C-alpha cells in the first residue's frame, strides 16, 4: 500500500481515486545499476496519484531481485517478463520491443471485456530516464495521443514537436526529421482506449529499421493531425533522456572474498 | 492538482540536513529533479543546495521554489586555480569541497552550540541514488553513523567491517583500506551537535590525496571505534554511487542550435 495516500484528507483521497490511471510500461534488464535505477524511478512514481507500474523484465523468468523489489515498491505494480530472442540482441537493433509489447498485451487482456471508453493513459518509461512530476499532470488529460519535448536526446539539449495554433506541424529533432513521427519513446503518451481500439498495434520486429520504432508504432494508431501538444505547446522540458554510466567493477575479486552475499 | 508535498513537519523527529553541492551542466536539472522526487518522501528533511557558481542561478532557484521542500540555497564558486589543480601542492581539490564546507558553515551560523537542534548532517551528491530506507537509518545517529555504498572503489560496494560486537573495526575496500576512514562521502552521517561542537572541522581544501577527502573531515570528529554501523550492521546497500553519462550534444554545433531560452 502507498503510505502517501494515508497523508491525504478523505476528500482528497476520493478525488485521487477518480483520476484516470496512468500506466507506466518499463522494460528493464539485469545489470549492476538495475536496482538503483528502479529505486529512484519508484521514488518518482510514488509521488504520482493513480499510477500503475508495469515492469517487464528482459528475462526468461522473474528474477529474485526484481521480485523482492516489486514486493516492497510501495505502488501498484505488475511484474512481467519476456526474454528478447538472441537474434535480436545485436547492436543497432531496437531494444525492449518484446517487453513493451508484453506490457501492451497485459493491458489489452485486462480490459478486453470492459465496455469502452476505458479511462487511462499509458506511456513508455525507460528505467534510466528522469521524469518531473509535472509531466504526469500533463499526460493525464490525454484524449488520444499526446506529445511533448524530451531533453538531452538526438544529440541536442532537447527535441520537440513544432506546434502552430495548437497543432503539431513538424519536428524539431537532431535525427531524421523526415520520419512520420520524429519523436523519442519518452515523448508521448497514448490513451488506453486507443490501445484497446487498435488491438494489432505493436512495436514491430519484421521490417523495422533501427530508429523507427516510435514512428512505426504511432502511425498504426494516430495521425500527426490528431496529436495533442502538452507542456505549454511543447515549449517546456519535463522529461530527460538521461543515461547512467557503466560502473567500474575492476576491483571485484575473482574469487569470493566477502563472507556475506549482498544485493546491490 | 500537484499531488506531491513532503510529509508534514514533525516537532519530535530529528531533522536530516542534506548538503548537496551542484554545478551547471546539461544534466543538472534532471539530477536535481529526481533527487527532489526522492526527498519529497522524507519527513523533516532540509535540503541545503550549494551551487558552484558566482551567483545563484535561476534554474536552481526556480526548481527549489517549485519543489515544495524545505531548503536553503547557497553558492560559492570554486576558484579556477583549484578547479584545474594548479595549487602549488601537487594534488587536486576534490570537487564539491568548498560547497560542502559552505553548507557546514551555514549550519554553524544558523544554529547555536548552546541550544543545538536534534538533527543529522548528510552529504548527498546530486548524481547518486538514495533509497528511502537510508534516511530512516541515519536519522537517529548519535555521533557518526556509517553504512555500505555501491559502485565505489571499483567494487559492487564498499563497506565498513563490523565486528560481531557491532563495532567498526576496519574497511572492506580494495583501494587503500588502511585510510583512517576508507569510506565514500555517501556512506556516513554526522549528528549536528558534533558539527556545532567542533567548529574547526571541515573538509581540507588542499593537499588531500585521492580518497582522503572524507578522512580530512571525519578525523576531527570521531574515531573508528566511535562509529555506529547502520543498515543491518552494514550488510545492506541503501545508497548507490551512480554517475550519469555526459549527453552527446553533437548536433548543437559551435553556436548552439536549440533555443537557449528553453531550459533543460
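The first residue you see is number 1, and the count goes up from there.
Every residue, even glycine, has its Cβ placed from backbone N, Cα and C.
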Could you look at B:52, B:220 and say which one TrEMBL places alongside B:21, B:22, B:23, B:95, B:100, B:125, B:126, B:127, B:241, B:242, B:243 in the UDP-alpha-D-glucuronate site?
B:52
Taking every protein chain shown into account, which of the recorded positions B:233, B:242, B:251 has the largest tally of Cβ atoms within 10 Å of its Cβ?
B:242
Indicate whether residue B:23 (UDP-alpha-D-glucuronate binding site) is helix, strand or coil by DSSP.
coil
Using DSSP and three states only, what is residue B:214 (active site, proton donor/acceptor)?
helix
Can you check what DSSP calls residue B:242 (UDP-alpha-D-glucuronate binding site), collapsed to helix, strand or coil?
coil
If I take the alpha carbons of residue B:127 (UDP-alpha-D-glucuronate binding site) and residue B:233 (N-linked glycosylation site), what is the distance between them in whole Å?
26
Are there recorded positions in B:21, B:95, B:251 whose CB lies under 8 Å from a CB of chain A, and which ones?
B:251
